[in-house]
Structures are given as C-alpha cells and as structure tokens.
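The feature domain 'MTTase N-terminal' is assigned by Swiss-Prot to 2-117. What Swiss-Prot lists as [4Fe-4S] cluster 1 binding site is Cys11, Cys47, Cys80, and the listing cites sequence analysis. The feature domain 'Radical SAM core' is assigned by Swiss-Prot to 143-374, with sequence analysis given as support. According to Swiss-Prot, the feature [4Fe-4S] cluster 2 binding site maps to Cys157, Cys161, Cys164, an assignment based on sequence analysis.
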Amino acid sequence: MKGLYIKSYGCQMNVYDSLIMENIIKPLGFTVVSEPSEADVVILNTCHIREKASEKLYSELGKIRKIQENKDLTIVVAGCVAQAEGEEIFERSPFVDIVVGPQSIHTLPELLVKAHRIKKQVINIDFPVISKFDAIPVEEYTKNQETSAFISVQEGCNKFCTFCVVPYTRGEEYSRTVEAIFNEALVLADSGIKEITLIGQNVNAYHGTYKGCEWDLGKLIQHIAKIPNIERIRYTTSHPRDMHQSLYEAHKLEEKLMPFVHLPVQSGSDRILKKMNRKHTAEEYIDIISHLRKQRPDIAFSSDFIVGFPGETEEDFENTIKLVEKVKFSQAYSFKYSPRPGTPGAEYPNQVPEEIKSERLLRLQKLLREQQLAFNRSMIGETCTVLFSSKKGKFDNQIIGKTAYMQSCYINTDNPSQFYNSISPIKIIDAHQNSLTGVVC
C-alpha cells in the first residue's frame, strides 16, 4: 500500500473536503499515514483567509521538499490558496506536482494518475461545484467519521465583504438539494453518528429545493431532526444578514438544535461595518442576539472580530468593545486585519499601523478571555449533557467530551470505553479558560 498524508488548514469546510479527498484516493491503493516522511502523496489543503495561512503553506512546502529529495513523492496543493494563486504556486515552488481548487477536488484521482503518467505539473481550479457533489457518492462523504460529522449544505459566498477572499476562491453561493443532504444524514446516522454540523460559507443563506419548493435552513434542520439516531444538530458559519424567522423558530422548537450559535460580527462600529460591506449595523446585530435569546433563553454565542481594518479609529475600536460588553460571548476568535490581494480592503487608504493593531487586539482578547472564563465558571455545579467520542485526555483513565456549548469537558473513569460515542449527564466541578472538569452523575 502507498502512503497518503493530508494536512488541513482553516475552516470546517476544509476538514470536510480533506475527508472527501482521503476517501476518494484510498481506493487507488493508499493508506493514511501520520507523517509526510511516510507518504507517497502529500496533500496540503490550504486556507487563504489570513496572510499567515499562505506563509504557513510555503514554509510547509519547504520542509516537504527535503523529503521529496530523497524519495518519489507527489506533492499536492489543494484548497483556497490553490484557487487564488493557481500557476503562481508552481512558479514559487516548482517541485509541486498538482494544484487543485476546492470545487475540483473530485478530480484528484484523475489528476494523480495524469501527473504520474505524463511526469508534468497539472492544475484544476475550475468552479464546477455542482459536478463536485454529483461526482462523489454519498458514501465517500461519510466514511471514517466517528461521533460527530460535518455535512456541507451550502458553499460559496455572494456577500463580497471587502476584507474577504472567499467569493473569489469558493465561487458564488450554491445550495445542495434537501434530498441529497437528508440521504447523507441518514447514512451517517446508520453508521453511529450522534451529532451533525451543517456547514457552509454562509450556511444560513441555504436555499435548497425539495419537490420543486425552496427550503431554508430552519426548515432543513427540523427535517433532519426527524432522524431518530441523530441527537444533536449544529450549523456554522452564519451571517447576520441571513438570519430568518424559520431559523428563530427552529431554535425555539427543536431540542436537538444545540443552544450555541457562531455569528461573526467583525466590528462594533457602524462606520467600519459599512466599509467592510457587511450591510448590517451593530444595533441590528444586537437585535438578532436579543431575538435568539428570547426564543432560547439558554443560548450562547461565539463570534469573529477583525481589529485594525483600514481607517479604524480609537472610537471605532471602542464601539467594538462596547458591543462585546453588551453581548457577552462564551467564546470568540479575533485577528488583526491583514490585506488580502485582490480584495477592495487591500487598496483602502489609512491602513492602521501594525503596533496599533497589536495593542487593540490584546485589549479585545483580554475582554473576550474574561467573558469566556466567566461563562465557563457559570457552569460549575450544573449538570449538562456531554457527547463523548473515543478521545482520551493526558491520563489513561481520562476522556474528553463536548458540551452543548462546544466546551471540552474532561472526566476520569475506570472504564472509558463505556462512554465512547454516547451522550451522558455530567456534573461540572471545575472550570478553566478553555475547558471544564466534570464527574459522572
């Protein structure tokens, strides 16, 4: 058997795509290996959201080239950097054999055979998103997923935020049919999956069809919830502009839908939000949060923030702080703005100096960490349901599960295997910055 090594960067969609690539390549006589030095094919499934992601790719390629010098090794660059940079990757790293975009991954077996046969570099960065889903049997999406699984319901983006490359690397919005998604969920349920996360670049923009009628995400969630063996449903990543009544109702009515929403806001300044082309205000975002809390009082939120967007003043940044103080997030992701080539933001004047961006990021992250710790500590003494896989902690008798709020929860037990792939009531006895400690009830 030949060795296959895949390294995935970035979002959940890349994790999902990496699993697909693994499953469609293994029938060619490959087995997955844990180190690139053991591989005959190395795939780097890249992200292009942040500047450092590209830097990480070329740094990793430099390391893998040293392996290639001593063995016959095929190097594949996949994902959004592949889509954005295309032939430039061959120019910067001429030892790379294949470049394939995220909507062309279904052609990888053919590309591997072609590259081996003609001994030349090959590239496919087309946008055949529909043929991508049509070309890959549902079984290939669902293999090797243990307790939780992703289902891609929507890909691409039509929002064109001025800081973001996704519309250029993933293409326009496309929604899969209800039947295709439901069939995939059925296969996952039959394989023992307990939790499904519906994913998309703008997942709540989902508008798939069922028997000639258009469905939204809220209706899709309630349909999937009818599958008996599926006990938890999540969705990510959503956009404030695409929140809708049906989704609010799903949070109110469907117990299987977890009380946790990742809803990126990016900034608390209306002026900056307008420059970002977000097409919502800070107050509209807060109204969405309030409405969701009315529907589901125990709901919690995470978000994304960008500090130092071009032209951001101290007053703009303080408005972001005020929004964070008002919402109170259970967790969040925050970054310094980095110009992405080809986006409008990269051409804006008044780029914020790096030292100011760093100082603001530290202030924001301090507040976000305080809120996360406070939320975790509020769980002490509570009994919550925890979904366990077979993931172990640092010690032989320790296993790790996941709460409804995506917190890691550690328990000690003499028989860890009894909890594998199960949901159990756990009493929380301690809380830390990024995790909880519990005991079996």
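Glycine is no exception: its Cβ is also placed from the backbone N, Cα and C atoms.
These numbers come from a predicted model, not from an experiment.
Annotated features, which come from Swiss-Prot, shown on the structure.
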{"residue": "Cys11", "record": "[4Fe-4S] cluster 1 binding site", "Cβ neighbours (10 Å)": "18"}
{"residue": "Cys47", "record": "[4Fe-4S] cluster 1 binding site", "Cβ neighbours (10 Å)": "21"}
{"residue": "Cys80", "record": "[4Fe-4S] cluster 1 binding site", "Cβ neighbours (10 Å)": "26"}
{"residue": "Cys157", "record": "[4Fe-4S] cluster 2 binding site", "Cβ neighbours (10 Å)": "22"}
{"residue": "Cys161", "record": "[4Fe-4S] cluster 2 binding site", "Cβ neighbours (10 Å)": "22"}
{"residue": "Cys164", "record": "[4Fe-4S] cluster 2 binding site", "Cβ neighbours (10 Å)": "22"}
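Report note: the [4Fe-4S] cluster 1 site is defined by Cys11, Cys47, Cys80, and the residues of the same chain whose CB lies within 8 Å of the CB centroid of those residues, excluding them, are Tyr9, Gly10, Met13, Asn14, Thr46, His48, Ile49, Ala53, Gly79, Thr169.
Distance from the CA of Cys164 ([4Fe-4S] cluster 2 binding site) to the CA of Cys11 ([4Fe-4S] cluster 1 binding site) is 14 Å.
Looking at Cys80 ([4Fe-4S] cluster 1 binding site) and Cys164 ([4Fe-4S] cluster 2 binding site), their Cα atoms lie 12 Å from each other. Checking each of the binding-site residues Cys157, Cys161, Cys164 against Cys47 ([4Fe-4S] cluster 1 binding site) by C-alpha distance, the shortest gap belongs to Cys164. DSSP states for the domain 'MTTase N-terminal' (2-117), grouped as helix (H, G, I), strand (E, B) and coil, give 66 helix, 25 strand, 25 coil. In the predicted structure, the domain 'Radical SAM core' (143-374) carries a mean pLDDT of 95. Other residues of the same chain near the [4Fe-4S] cluster 2 site, with their Cβ within 8 Å of the Cβ centroid of Cys157, Cys161, Cys164, are Lys159, Phe160, Phe163, Val165, Val166, Pro167, Gln201.
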